[in-house]
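First up is the structure itself, then whatever we jot down about it.
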Amino acid sequence: MAKGDPKKPKGKMSAYAFFVQTCREEHKKKNPEVPVNFAEFSKKCSERWKTMSGKEKSKFDEMAKADKVRYDREMKDYGPAKGGKKKKDPNAPKRPPSGFFLFCSEFRPKIKSANPGISIGDVAKKLGEMWNNLSDSEKQPYINKAAKLKEKYEKDVADYKSKGKFDGAKGAAKVARKKVEEEDEEDEEEEEEEEEEEDE
């Protein structure tokens, strides 16, 4: 059985992935006969990345941004034929954020304003460190809020299913909802990075 969909666009690469790819190419040019020890190579790349300045990382950030544009464009073209998968209904209730994501939403703008030009990965890393340093009592307000949003989401899903997917009265809200979704998409990549930091 074929694995995945061969027509599906290649996934977008992060700035760090482009950096690792560049390191691998450099290694092949300098030592074409020497095989790469993946574990050792990954460790060296990680250490080198941590010591690089924002300016040095910026070219990889630009490469990642360009690749995201490529990926988004290809996914848009690919979208409707996504392996027979049902297209996401824009009227469906949006999955609620976790307590960690609520914390990120509050502090992400503060980190960005305090560190102009900071990369998405570094923002996510800082947020992950800040969250891990909070005590349970400091995390509780975010967790409580997330629990309430989850309750509301479950109720909205039940209402949504009972009313059916298409409700004519909701037509006027579609435009506003679309704008919110577009804004949400901009944060998707940051949230993916933040999710990784929360899991570490």
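A Cβ is built for glycine as well, from the same backbone N, Cα and C atoms used for every other residue.
Swiss-Prot annotations:
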type: MOD_RES; residues: Lys3; note: N6-acetyllysine
type: DNA_BIND; residues: 9-79; note: DNA-binding region
type: MOD_RES; residues: Cys23; note: cysteine sulfonic acid (-SO3H)
type: DISULFID; residues: Cys23-Cys45; note: disulfide bond
type: MOD_RES; residues: Lys30; note: N6-acetyllysine
type: MOD_RES; residues: Lys43; note: N6-acetyllysine
type: MOD_RES; residues: Cys45; note: cysteine sulfonic acid (-SO3H)
type: REGION; residues: 71-97; note: region 'Disordered'
type: DNA_BIND; residues: 93-161; note: DNA-binding region
type: MOD_RES; residues: Ser98; note: phosphoserine
type: MOD_RES; residues: Cys104; note: cysteine sulfonic acid (-SO3H)
type: MOD_RES; residues: Lys112; note: N6-acetyllysine
type: MOD_RES; residues: Lys139; note: N6-acetyllysine
type: REGION; residues: 163-200; note: region 'Disordered'
type: COMPBIAS; residues: 182-200; note: compositional bias 'Acidic residues'
Nearest recorded site to the residue listed as 'phosphoserine' by CA-CA distance, among recorded positions Lys43, Cys45, Lys112, Lys139
Lys139
Which same-chain residues, if any, lie at least 6 apart from Cys23 (cysteine sulfonic acid (-SO3H)) yet have Cβ under 8 Å of it
Phe41, Lys44, Cys45, Arg48
Where does Ser98 (phosphoserine) sit by DSSP, helix, strand or coil?
coil
For Lys139 (N6-acetyllysine), which of the modified residues Lys30, Cys104, Lys112 has the nearest Cα in space?
Cys104
